[in-house]
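Student: Can you read through this structure? Questions will come right after.
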Amino acid sequence: MRPGEESHLVPKEIENAADEPRVLCIVQDTTSCKNINERITLNLPASTSVKQLYEDVSSKAGYVSGTFSLMWGNGASNMVDMAALDPTPDRTLQEAGFEAGKKNFLHLTDKNGEQPQLASDESGTADSSGLDDSTQEKFIGPLPREESVACTSDYVSQNYSYSSLLSKSDTGYVGLVNQAMTCYLNSLLQTLFMTPEFRNALYKWEFEESEEDPVSSIPYQLQRLFVLLQTSKKRAIETTDVTRSFGWDSSEAWQQHDVQELCRVMFDALEQKWKQTEQADLINQLYQGKLKDYVKCLECGYESWRIDTFLDIPLVIRPFGSNTAFGSMEEALQAFIQPETLDGPNQYFCERCKRKCDARKGLKFLHFPYLLTLQLKRFDFDYTSMHRIKLNDRMTFPDELDMSPFIDVEDEKSPQTDSCTDSGAENEGSCHSDQMSNDFSTDDAVDEGICLETNSNIEKLNKSVSEKNSLYELFSVMVHSGSAAGGHYYACIKSFADGQWYSFNDQHVSRITQEDIKKTYGGSTGNRGYYSSAFASSTNAYMLMYRLKNPARNAKFPEAIEFPEHIKLLVQKEQEQEEQEKRQREIERNTCKLKLFCMHPVKQIMMESKLEVHKDKTMKEAVEIAHKLMDLEGVISLDCCRLVKYDEFHDYLERSYEDEEDRTMGYLLGGVKSSYMFDLLLETKRSDQVFQSYKPGEVMVKVYVVDLKTETVAPPVSVRAYLSQTIIEFKQLISKSVDLLPDTMRVVLERCYNDLRLLNVANKTLKAEGFFRSNKVFVESSDSLDYQLVFTDSHLWKLLDRHANTIRLYVSLPEHTPQTARSVGPKGGGDSNLSEDYCSRVKGNVKSVDAILEESTEKLKSLSLQQHQDGGNGDSSKSTEGSDFENIDSPLNEADSGSADNRELENRILPADPENNFQPEERSDSDVNNDRSTSSVDSDILSSSHSSDTLCNADSAPIPLANGLDSHSITSSRRSKANDGKKETWDTAEEDSGTDSEYDESGKSRGEAQYMYFKAEPHAGEGCLGEGNKCLLVSVDKRITLAAFKQQLESFVGVSSSQFKVFRVYASNQEFESVRLNETLSSFSDDNKITIRLGRALKKGEYRVKIFQLLVNEPEPCKFLLDAVFSKGMTVRQSKEELLPLLRDQCGLDLSIDRFRLRKKTWKNPGTVFLDYHVYENESISSSWEVFLEALDETEKMKSMSQLSLFTKRWRPSELKLDPFKEIVMESNSVDELRDKICDISAIPLENLEFAKGRGTFPCDISVLEIHQDLDWNPKVSTLNAWPLYISDDGAVIFYRDKMEELVELTDEQRNDLAKKESSRLQKTGHRVTYSPRKEKALKIYLDGPSNKDSSQD
């Protein structure tokens, strides 16, 4: 809510209307006359006439009466065809059908296809700030008696309509649109505009376009803005052109700054732009004053001084260290010039006395500017809470201010003065500079922006001092509402034209009174202001502007006829541009905008565009526009196209427009609307065809012909029918379109997903069967016996059920490198294409599977193999006769998937051979030990692979296993003895870990054998990810599980399903791994993209872990080693055992199991040491698990969780260097023990030892120039877990030193060289630690335009 405005208008109640029933009317404006959809609520007596209702709506909506219609909106399905309320008969609302005590919904619509006429033709741009009160509901009638939101003004407009929101305020002034947080800019611009002297000078300046770009010219854009503020008929205008001339981009609009800060920066920019022009000294002439900064010796009377200039005077609200604020601005001014005594340690060195003496230091005003600017310093720093605060104390200020008491009139008479070159004054330094100082300075009498004048002219100063007129008149109060964290600025400005005060609050301009000015004094007294309760007391004056009362100098605002010629030309140019915008808005207001669709006659793809056509264009002309818009010129002739009414959501053709080619679009579409409930379709035909007539009431039916023999469903054929038709009539209609016999035709309606209904009652109507606007039916006509079966048992139903659940997926396969090929091919094979000899050798060994399985089971005591398939051929790709499953041969090899699985597993279990060793990048988590017997299978190895479907006999022949073998039952004897002979199952999915599912003998997930439709074929082109990748187009039943889907892909990928991962690709090309094997593909949809990546898929309870090596004394202490797989329930020692061969083969680290440790990794910090007996189930693990591996020089010292491992590093100040890290293990958290441990490893006497905790991330690096002073040495604590140490976990860094060792002294040159080296070192390692909070972005105006913005940055 803005001051002086209220969108809820409440007229006085009629006294005798209390007992009369009232009618609540809610009117929704559905026209497109306005940029917003207005909603008006009227609470009228039931005896009100319909004619009066029209009058009330026209008054409140801002339309001319009689140019719009009101229609019922209570659930009307087709509003356009309903008759409007007739206002001519003298009927009351009750007689017209309005119900008292209920909501009566009405729609305000176009009348006879013509839009309503606005009551005011003078319309401006819509408020782009999003704060327009017109978006609120307007209410007429009695409201509950609640206290309304208070305004800062007693003035409330009684003629408030929509047109007034867009037209110029009745105050005669134009507002400024708030871009986002530019209210501080708006308040200053309005103040400058309302300053006659500034406006007149700006108008006198003439822009030379040949010399400068108008876009980057600040004076020109200000000139344009002022011209628009004076001559525009809009309610508010934009400031984007001005901010663009500042060199600001759109992000600057979201930065809030102080208005006083902006004033200084803008004045500096104008001075730079106005150099060598008539306005070069304008800012100084209007706003600059002078004061004297002096120091006077109290013993000899000698005074040294210098002259400063100022553009504004900063006044402290509350003195530093005081709890009491100044009550008035006069008190603050007196405090500003009140001298302070320099005594004690602050004595002043007097040049005459040649010694330090007591002195008096202060400021004296010598000359006040014509326009006096006073800043009330309401922002301060609270040293108790260490936060910036706003002081909301009450401070009064007069309407007229006499500044004569504050001028030093006796200064020129003082003989004992000296220039500002005095050394004492230089040592003290001026408290005023042209650089911005910190608002949190302890010297609150000091401010920013007062600049030093080194070449002062004494004669001019004496002349200015002699001027007696020092009476100023207040004309601008810039107000801040909010807190130190942020708020809102607006300006209260007194017009010199009529003496009336106005509130300029962004786009809102309203009249206010002197009482409203008093409310800006601050404090908690008085009525609430602009903000409600939360900021009621925080609305107060922040910046004041006074003008000298001098009739000889006081200027008046220029009238239009007094404008200079170049301003008149600018006014004419802006008015023409505004008229052009107005005409464009009028065109927009009469333009129908709809979605346009068209099925391309050649490409057969649905195209979509946006059709914009004037309401007076005919249908024939609209077809020509649509024809060009869809780029069909040269593709199809214009006479083979037409526009029809279309419902894209239901894919339904509602009606065609025969014999209406000469009707206007406004008439056919029901007028111009902001949105339509329908679309348009550009329908095409062949030259030998005739357009079909579409009439309202028809329903669209898409007919799919099913062929049971080929099990195919043909593309749809569109048929239009009537809901009153019977099923037998509907079949006859279909037979004409698809050439099927109606007697044997079966028609199945799909009402919704998976809802198939056989239409077999001949005399039942389509309406009774549940047909709607758009329908989908399947038809089949054959003489097969399938017709006699129950529908749900028939082949037709199964085929349709499969069709409804089949989705199409694009699957990108991994590229097989030579290393990868060795993992899936025969021994020593380096080619990804497997030889046919090898394939036949595999198939030849299938017969002996039972015997070899029995032999292998005897050797593996801890295994229990579950075999569910007789014969053991392992062919998971074959199905029983009659199944819906269809498998396409792999493009990689022609063998079946079972053979591929066997080949892959044979190679994985073949005897170890130097020529067949895994390379680091090709190794899985399984490993074959060379010292094991080749005639048996090590259970430990199999347990880590989880992928073996093949065993090997002593002759190294491959032994294919039945796919029913659950590889998870092959477990390590040390972990799963309790499960010996039992099959492990993983029924429940667990977040962030792998899952598994049970398979039946055909390789399918149990209970889903009937949902195994799978068809894959090579694909190239659209849908494939990346160039060169092999891609499949897969049609699959989405009810199968991910596990079954992966099994079907095995033959195409070339490895077992446990050795590759499935990633789902989203629109933004983000990939997420699908790991829940027992979940179906129901979350996938048509044309989804899938990427297959090689790598062992996780099982339930398993987690992928990134292993990093901790190198404490290296420049980069964190080095990635490898990815490993840990599982819950595994001990730390077991994981170390599994890591040993991986570290040796992949990383070249030959470690002893007792000479390295694992520890927690948090970002780059080493944490808790994992002891060997720890179980990972007790640790907090997730999908992004990272662990440090730390090599040890000796056996592990950490034996218990009660111990604490710390890193210590000695600082040697005499050498400016740090020793390497040394680890100490604490038995307790005692500081005394820490001291003792450090003394033991350093030989420093206990009484000379000092220590400090490192800062930042490990290794807590710090510059050797800073460590001696910046760290908190020798904290006074007794335990490590107390402040400021807070050490309670392993891995903390402790620096220590010998306090008797003195810091080496460096020359300036040595220090600079060392500083450069340290800076370079810390930047390379990335361990530079800074603790400065986020700084506010400085307000800058870039004089060279946006292009040079970056170079202007500090």
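Backbone N, Cα and C define each Cβ position, glycine as well.
Sharing the feature lines straight out of Swiss-Prot:
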type     : residues  : note
ACT_SITE : CYS183    : active site, nucleophile
ACT_SITE : HIS488    : active site, proton acceptor
COMPBIAS : 114-133   : compositional bias 'Polar residues'
COMPBIAS : 416-438   : compositional bias 'Polar residues'
COMPBIAS : 863-882   : compositional bias 'Polar residues'
REGION   : 114-139   : region 'Disordered'
REGION   : 408-438   : region 'Disordered'
REGION   : 863-1004  : region 'Disordered'
REGION   : 1314-1335 : region 'Disordered'
Student: Give me the count of other Cβ atoms within 10 A of the Cβ belonging to the residue listed as 'active site, nucleophile'.
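Tutor: The answer is 23.
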Student: Roughly how many Å lie between the Cα atoms of HIS488 (active site, proton acceptor) and the residue listed as 'active site, nucleophile', rounded to a whole value?
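Tutor: Computed Cα spacing between HIS488 (active site, proton acceptor) and the residue listed as 'active site, nucleophile' is 6 Å.
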Student: So for the residue listed as 'active site, proton acceptor', how many other CB atoms are inside 10 Å of its CB?
Tutor: 20
Student: Which of the three DSSP states, helix, strand or coil, fits CYS183 (active site, nucleophile)?
Tutor: helix
Student: Could you tell me which three-state DSSP class the residue listed as 'active site, proton acceptor' falls into?
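Tutor: The residue listed as 'active site, proton acceptor' sits in a strand per DSSP.
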